[in-house]
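Notes to accompany the following structure.
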Amino acid sequence: MTKLSVNINKIATLRNARGGDLPSVVEAAVKLQEFGAQGITIHPRPDERHITRKDVYDLKPLVSTEFNIEGNPHRPFIDMVLEIKPEQVTLVPDADDAITSNAGWDCEMHLGFLKNVISEFKKAGIRTSIFLDPNLEMVKFAAETGTDRIELYTEAYAKNYSRDKEEAIKPYVETAKEAEKYGLGVNAGHDLSLENLKYFSDQIPNLLEVSIGHALISEALYMGLENTVQAYLKRLAKW
Ligand SMILES: CC(=O)[C@@H](O)[C@H](O)COP(=O)(O)O
Ligand SMILES: NCC(=O)COP(=O)(O)O
């Protein structure tokens, strides 16, 4: 079964536009879980452009499904995650000023750093995942870091899906198979949508979790959160 973790960054983006608490990220998380979301993902960035540190602490007691915190493991991020103890931390190598995440880890270059950070999280009982481009060569270095899972960075798939989906999925299928050989779990995310999710999920049988925010929250403007979550769950269903 592939879990649907809903990324609520965009709820916070809208909330921050006015500085109050409308819409509330906490209420959105509670409702999303009632509507069937199997996890809540957030990506607190150092500039707090959407999710703030306060949101992280406010959400902790209300996430009854799987809490997944994403981010670049600078010391303040590491300490906050160790204190919150979510079920999963996803490490993303994004620059502070990047508009959004735009690359996976070079695990060969950052091997020592990743090994240390991952062992810190694992000692605290937090499952780790690392953001990875669909690159076969990188998987063995990812495994050497000691991470439990990888998260396939799906922007390229999403971009090329409508032009040639068979070609777009190839590197993801290969990387997911290689990850399985090394005993790594496979998550995926970035720009997945109602349009492109089913094909991705059908082609990658060992897909454990997808985290989806931008498209899902946008689609919910027209369909409502409950219908949208249900539509995503249908795309992931294997029966
Ligand atoms: C790690 C990842 O893929 C991102 O999609 C991210 O969580 C989205 O962040 P923004 O919402 O800041 O674009
Ligand atoms: N890890 C990816 C994620 O959480 C959501 O990415 P997106 O759907 O907002 O592009």
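Cβ from N, Cα, C; glycine included.
Note: TrEMBL annotation is automatic and uncurated.
What TrEMBL records for the 1-deoxy-D-xylulose 5-phosphate site is ARG45, HIS50, and among THR100, THR128, THR145 the residue it adds there is THR100.
Listed by TrEMBL as binding 3-amino-2-oxopropyl phosphate are ARG18, ASP191, GLY213, HIS214; the candidate from ASN7, ASN227 that the record includes in that site is ASN7. For ASP191 (3-amino-2-oxopropyl phosphate binding site), the number of other Cβ atoms no farther than 10 Å from its own Cβ, over all displayed protein chains, is 18. On the backbone, the CA of HIS214 (3-amino-2-oxopropyl phosphate binding site) and the CA of HIS190 (active site, proton donor) stand 8 Å apart. Filtering ASN7, ARG18, THR100, HIS190, GLY213 by Cβ distance to ligand 2 (under 6 A) retains the following recorded positions: ASN7, HIS190, GLY213. For HIS50 (1-deoxy-D-xylulose 5-phosphate binding site), the same-chain residues 6+ apart in sequence whose C-beta sits under 8 angstroms from its C-beta are ASN9, LYS10, ALA12, THR13, ASN16, HIS43.
Taken in sequence order, the recorded positions ARG18, GLU151, ASP191 that lie near ligand 1, meaning a CB under 6 Å from one of its atoms, form an empty set.
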